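Chemist: Just passing along the structure, written as structure tokens.
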Amino acid sequence: MSEIETFYDVMRRQGITRRSFMKYCSLTAAALGLSPSFVPKIAHAMENKPRTPVIWVHGLECTCCSESFIRSAHPLAKDVVLSMISLDYDDTLMAAAGHAAEAAFEETIEKYRGNYILAVEGNPPLNEDGMYCITGGKPFVEKLRHAAKDAKAIISWGACASYGCVQAAKPNPTQATPVHKVITDKPIIKVPGCPPIAEVMTGVITYMLTFDRLPELDRQGRPAMFYSQRIHDKCYRRPHFDAGQFVEAWDDENARKGYCLYKMGCKGPTTYNACSTVRWNEGVSFPIQSGHGCIGCSEDGFWDQGSFYDRVTDLTQFGVEANADKIGIAATGVVGAGVAAHAAVTALKAAQRKTQTRTEKEEA
Amino acid sequence: MATTPNGFDLDDSGRRIVVDPVTRIEGHMRCEVNVDDDGVIRNAVSTGTMWRGLEVILKGRDPRDAWAFAERVCGVCTGTHALTSVRAVEDALKIDIPDNANSIRNLMQLALHIHDHVVHFYHLHALDWVNPVNALRADPKATSELQQAVSPSHPMSSPGYFRDVQNRLKKFVESGQLGLFKNGYWDNPAYKLSAEADLMATTHYLEALDLQKEIVKIHTIFGGKNPHPNWLVGGVPCPINVHSTGAVGAINIERLNLVETIIKQTTDFCRNVYIPDVQAIGGFYKSWLYGGGISSQSVLSYGDIPEHPNDFSAGQLHLPRGAIINGNLNEVHDVDIRNPDEIQEFVDHSWYTYGEPGKGLHPWDGDTSPKFELGPNAKGTKTNIKQLDEAGKYSWIKAPRWRGHPMEVGPLARYIVGYAAGHEDIKNQVDGFLRTMDLPFDAVFSTLGRTAARALESEYQCRLMTHFMNKLITNIKNGDENTANVAKWDPSTWPKEVKGVGVTEAPRGALGHWIKIKDGRIENYQAVVPTTWNGSPRDTQGNIGAFEASLMNTPMERPEEPVEILRTLHSFDPCLACSTHVMSPDGDELSTVKVR
């Protein structure tokens with residue numbers, strides 16, 4: 001007990017309330033699948049380590065990733081910025097501008113060579129010599145390369161940095177290019193989503209600070225702890241899918257009963273993300289819970305997979321799992337990803353027969 | 001020296017100061033000014049430095065999907081583009097939405113406005129007025145007294161509370177890792193607050209960071225997530241079920257209670273923290289009334305927050321609609337978004353070409369062919385610009401004009417239009433604020449006026465949220481649970497060729513999307529957004545836009561430290577991803593883009 005109280009005193013001096021700190025520790029431990037005995041270890045790391053310098057740069061983007069980041073409830077964004085990392089450059093939030101901002105950028109690279117994390121929001125356009133995104137009079141891609149050179153690791157925030165996102169949707173007029181296609185000699189952690197969930201973003205950072213290593217990544221470079229299962233696998237409406245109970249039209253009787261949104265185009269069966277478990281904005285809801293299907297925003301190229309209201313059309317007679325696992329294994333290589341054994345095979349087949357007949361007709 | 005048609009004397013003979021990047025904004029922006037020997041700004045050049053091309057990406061897509069693409073124009077005013085988009089599609093297809101959908105959309109739009117205003121003031125703008133390093137010198141007891149004096153109802157006001165925050169700040173500064181405060185201009189005399197006011201405001205920077213994540217839960221409840229909640233052509237995607245089986249999967253009494261709780265919490269913050277802070281901070285800057293720019297001449301608002309679904313007539317909008325030109329507040333002009341002679345965009349100083357100089361185009365006929373070239377007197381190279389030449393092309397932002405006039409849009413524009421039109425709530429707020437501050441009406445035409453209008457508006461919008469929450473509940477009580485009109489969901493029910501327009505007031509100002517639909521697909525999509533209005537470069541006649549005008553004649557304490565430039569630019573809440581994404585209506589011009 002005394003150890004915990006000592007630790008609590010330290011955190012109180014930093015102005016963090018006991019409530020918010022303990023909530024953070026236990027939720028972090030739970031999110032990482034650790035036993036409660038790890039909670040003091042997390043606390044110890046926070047107590048003793050100097051804050052890790054972070055350079056956060058912005059390319060072509062909409063700033064939704066920054067907005068999501070500041071929504072984090074555990075830990076609170078203010079605690080991350082004041083007590084965990086040293087956000088030495090972030091043009092969206094920093095006080096300095098122009099020359100003073102550029103100086104902060106260079107000083108951080110110089111002082112922490114090889115020891116800072118580079119967080120990238122957005123991506124560089126390569127057409128027009130990179131001048132579709134100009135910063136300090138130069139193409140953003142130059143700044144990205146410069147900052148990447150001496151970074152310890154790179155975090156690709158969101159769909160833009162990870163995959164290209166909306167500006168890279170066809171015909172990609174600016175040749176917006178994901179980070180890993182420009183920077184090829186550094187460890188890159190992709191945290192996809194448009195935007196990623198706030199607590200996933202702060203979870204990835206605090207994991208690295210706490211355990212002093214990069215999270216385990218799948219073959220696409222995403223943290224396995226948050227992106228190895230489909231939204232469909234953990235969706236609370238899954239029993240309605242298995243039972244063949246579907247919303248047939250917006251605001252129909254079935255919608256009001258919270259039935260499955262598969263027929264309304266939900267991309268949950270092919271989307272790897274933590275929405276149905278971590279959920280959004282402190283667990284208040286997630287898209288499916290609020291009545292709209294998943295649009296698949298954490299998947300590569302989700303803008304160019306047909307309408308968001310088209311039914312997932314590549315489901316075959318082998319069943320959702322078999323097909324989605326193939327998608328999963330081909331895309332991620334994570335063994336066991338998306339495997340959700342359940343007994344309702346009969347109901348499932350019935351549901352699929354019902355739901356696919358029309359789709360196949362439409363496709364034909 | 002040259003005088004612009006809109007009355008500004010430009011003199012570029014003095015020292016040139018470049019600010020790039022302009023930070024604490026959304027997106028990428030550059031600003032150049034010339035200062036005279038006394039450090040007064042005599043020429044101003046503002047440049048949007050990014051371009052994404054979203055409209056051409058929208059071409060050929062399903063119009064029902066357009067909201068999701070348009071929403072990604074901006075993640076800060078997240079949702080306002082989506083709402084504008086579904087309105088444009090519904091206008092084109094003549095789809096009426098149910099009453100509940102109108103109330104829920106208004107609740108979402110108001111929530112994003114208030115969220116945006118709060119985050120803008122505390123996390124993007126405050127550091128132009130507030131010095132967190134100076135807060136270390138404050139007496140916590142005196143800070144507590146100040147807090148109780150300016151806002152007796154705010155419970156977080158004890159000396160111990162401020163001492164805790166100050167200790168945390170001290171530890172942070174003493175660590176030598178200044179993070180976001182690194183290289184700030186903390187010894188610049190442009191900062192005027194007392195140490196106690198600095199500590200109070202810095203404390204509220206942190207409180208606002210906690211509060212903002214609550215406001216957006218209204219989006220999460222109705223739209224599933226924030227940023228970027230989900231929307232629906234024909235209504236809203238969230239069904240209502242408050243009486244029957246399965247209500248836990250819909251908007252039910254627990255969800256409605258959560259919305260009410262958030263509205264109350266947000267209202268308390270705006271009344272007890274935000275407005276008192278703006279009054280307290282404003283008190284120290286009462287003599288710094290620069291930055292008015294063209295706000296005293298030309299302002300524009302499309303209006304928003306319709307009382308009834310599908311009725312966008314000016315009298316039915318809670319945020320006012322109208323235009324004021326030539327500084328004549330006695331005449332509020334109506335605005336016709338469909339009239340080809342009213343809203344036009346020019347590109348003579350933008351990195352696009354229309355093929356012929358001096359041409360202006362209405363968004364229905366919009367054309368965007370990128371053409372990146374620096375003016376003949378620019379310094380540096382194509383990929384290492386040292387100084388722009390404003391006589392040539394110098395921005396990725398177009399120059400929209402209303403009947404030929406550059407216009408300011410945003411909260412101040414809405415409040416000036418509302419005041420001139422005799423809008424009772426707005427008039428009471430403005431008169432009360434000026435009385436409290438002991439300032440004349442003309443003081444509203446300033447950087448401070450822009451910042452104050454935003455704060456006042458957030459409080460008014462809290463009242464509107466309560467109004468629409470009550471309306472939603474009353475409607476449900478009366479037996480109406482409808483949230484979507486699906487009669488025209490199937491594209492086979494659509495006419496072969498239609499066009500529509502949707503407008504909203506984004507937090508930053510007037511926003512319009514113009515769409516053409518052919519054979520069930522998007523034929524053409526154009527957006528004219530607030531920062532395109534405010535951040536516009538010069539036009540053919542040489543008129544300067546709102547950003548540029550607002551910087552004119554401002555004295556700088558230390559020209560090499562752009563505190564005053566940032567303060568005034570930030571007062572517009574610039575959103576550059578919004579302003580610079582515009583793209584071709586037909587996409588063919590893309591042949592001018594070299595694909596390597």
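Easy rule for this one: first residue shown is 1, then count along the chain.
Placement of Cβ uses the backbone N, Cα and C atoms for every residue, glycine included.
Bear in mind that TrEMBL entries carry predicted annotations, made automatically and left uncurated.
I grabbed these lines from TrEMBL:
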- A:62-207: domain 'NADH:ubiquinone oxidoreductase-like 20kDa subunit' (DOMAIN)
- A:C62, A:C65, A:C160, A:C194: [4Fe-4S] cluster 1 binding site (BINDING)
- A:227-308: domain 'Cytochrome-c3 hydrogenase C-terminal' (DOMAIN)
- A:H232, A:C235, A:C260, A:C266: [4Fe-4S] cluster 2 binding site (BINDING)
- A:C275, A:C294, A:C297: [3Fe-4S] cluster binding site (BINDING)
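Locate each feature and note its surroundings.
Modeler: Note: A:C62 ([4Fe-4S] cluster 1 binding site) has non-local neighbours A:C160, A:V166, i.e. same-chain residues 6+ apart with C-beta under 8 A of its own C-beta.
DSSP labels the residues of the domain 'Cytochrome-c3 hydrogenase C-terminal' (A:227-308) in these numbers: 23 helix, 6 strand, 53 coil.
Sequence-distant neighbours of A:C260 ([4Fe-4S] cluster 2 binding site) (same chain, 6+ residues apart, CB-CB distance under 8 A): A:R237, A:R238, A:H240, A:F241, A:Q245, A:F246, A:V247, A:C266.
Residues within less than 8 Å, Cβ to Cβ, of A:C294 ([3Fe-4S] cluster binding site) and separated from it by at least 6 positions along the same chain comprise A:I231, A:C266, A:K267, A:G268, A:T271, A:C275, A:P287, A:I288.
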Chemist: Specify the nearest of the binding-site residues A:C65, A:C194, A:H232, A:C235 to A:C297 ([3Fe-4S] cluster binding site), where nearness means the distance between Cα atoms.
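Modeler: When the Cα distances are compared, A:C194 comes out closest.
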Chemist: Which of the binding-site residues A:C62, A:C65, A:C160, A:C194, A:H232, A:C260 have a Cβ less than 8 Å from any Cβ in chain B?
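Modeler: Near chain B: A:C62, A:C65, A:C194.
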Chemist: Quick one: give me the count of other CB atoms within 10 A of the CB of A:H232 ([4Fe-4S] cluster 2 binding site).
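Modeler: So the Cβ neighbour count for A:H232 ([4Fe-4S] cluster 2 binding site) comes to 27.
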Chemist: Would you identify the secondary structure of A:C160 ([4Fe-4S] cluster 1 binding site) according to DSSP, in three states?
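Modeler: Note: A:C160 ([4Fe-4S] cluster 1 binding site) is helical by DSSP.
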Chemist: Using a Cβ cut-off under 8 Å and a sequence separation of 6 or more, which residues in the same chain sit near A:C194 ([4Fe-4S] cluster 1 binding site)?
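Modeler: A:C64, A:G158, A:A159, A:C160, A:C165, A:V166, A:C297, A:S298 - these are the non-local Cβ neighbours of A:C194 ([4Fe-4S] cluster 1 binding site), listed in sequence order.
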Chemist: Cα of A:C235 ([4Fe-4S] cluster 2 binding site) to Cα of A:C65 ([4Fe-4S] cluster 1 binding site): how many Å, rounded?
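Modeler: Just about 24 Å between their Cα atoms.
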Chemist: What is the separation, in Å, between the Cα atoms of A:C65 ([4Fe-4S] cluster 1 binding site) and A:H232 ([4Fe-4S] cluster 2 binding site)?
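Modeler: Taking the Cα atoms only, A:C65 ([4Fe-4S] cluster 1 binding site) lies 24 Å from A:H232 ([4Fe-4S] cluster 2 binding site).
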Chemist: Neighbour count, 10 Å Cβ-Cβ cut-off, for A:C160 ([4Fe-4S] cluster 1 binding site): what number do you get?
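Modeler: Taking every protein chain into account, the count is 32.
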Chemist: Looking only at the domain 'Cytochrome-c3 hydrogenase C-terminal' (A:227-308), report the model's average pLDDT.
Modeler: 96
Chemist: Ranked by the number of other Cβ atoms within 10 Å of their own Cβ, which of the binding-site residues A:C266, A:C275, A:C297 ranks first?
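Modeler: Top count of Cβ atoms within 10 Å goes to A:C266.
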Chemist: For A:C62 ([4Fe-4S] cluster 1 binding site), what is the secondary structure by DSSP, using just helix, strand and coil?
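Modeler: Looking at the DSSP assignment, A:C62 ([4Fe-4S] cluster 1 binding site) belongs to neither helix nor strand, so coil.
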